[in-house]
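Pulled from TrEMBL:
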type: COMPBIAS; residues: 1-17; note: compositional bias 'Basic and acidic residues'
type: REGION; residues: 1-22; note: region 'Disordered'
type: BINDING; residues: 20-25, 129-130, 154-160, 179-183, 248-251; note: GTP binding site
type: BINDING; residues: Ser24, Thr160; note: Mg(2+) binding site
Amino acid sequence: MGLCHSSEEDNHEHQRSSGESGKSTLLKQMKIINLNGYSEEELFTWRATVYRNVVESAQTIVQTISELGLSYEKPELNDNVDRILAYRVSGNPKSQLSPEIIALVKLLWQDPVVVSRYSKRENGLYLMDSAPYFFDSLDRIGQANYLPNEQDVLRARLKTTGITEIQFQLGGLLIHMFDVGGQRSERKKWIHCFDAVTSIIFCVALSEYDQVLLEESNQNRMLESLALFESIVNSRWFIHSSIMLFLNKVDIFKAKIAGAPLENYFPDYGGGNDANKAAKYILWRFLQCNRNKLNIYPQ
């Protein structure tokens, strides 16, 4: 989610949401559009993050397949997946992924058992949204001279801790945009950003309706986002604020809605597998939270 303070000379925008909603991606996009993007040096610093996203996503697959008691169709995987679980990515961006790990992850992603489970969203095989993108780019990522491009940076997942700020000019305004941690453990730090905020950007991943929090596995992410949104729109800090409600990750939402019906998680929903009806229902749930009658602008 984001918060925005606006004046002719000085604008503060803050982004808020629960974790993995796309708010940090929005901040990266603002940097690319308004601040000439990323320098080669800045791109290089994302290398270890991309490596970590690849390895941790592969480890999630291995752990899930193991928990389900399944075997891979590729014999070499059954004998070697422990190597994936044991692998650790160096924090040094000058290091590179082991060619052996690259080869194993490629086999893993192509294995029919994994393909079937992921394509049908069966039995809790949930990956970070950009995992398929990185898996499909392993030949490039595995090169010794790999330099992340801006698309890689946009898709890379790095947990937001504390508060990140960028500043840029927009027309006659100086915009200060802040990104704050979405996990529960980070939310106590938000209070320091609340002074003179006139606008909020609240990001919601539509695709999170069937997922749970990283820090509390029995709590549905969409319900958590609804609770967070309700606390924000009805807070005394924001009685003069307007809110932009970003419902994003629509493509992922449309792809999964048929295999994971919304009514399984929200029993009062009655629109079936129609993605538009499902999205409108989720929007309605958020708008119902607005007891303070703030101006809310769905995006």
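Every residue, even glycine, has its Cβ placed from backbone N, Cα and C.
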(message) Restricting to the binding-site residues Asp129, Leu158, Lys249, which ones have a CA within 10 Å of the CA of Ser24 (Mg(2+) binding site)?
(response) Leu158
(message) Please list, in sequence order, the residues in the chain of Arg155 (GTP binding site) that are at least six apart in sequence and whose C-beta is under 8 Å away from its C-beta.
(response) Thr25, Asp129, Ser130, Tyr133, Phe134
(request) Could you tell me which of these binding-site residues, Ser24, Asp129, Leu158, Lys249, has the fewest other Cβ atoms within 10 Å of its Cβ? (result) Leu158
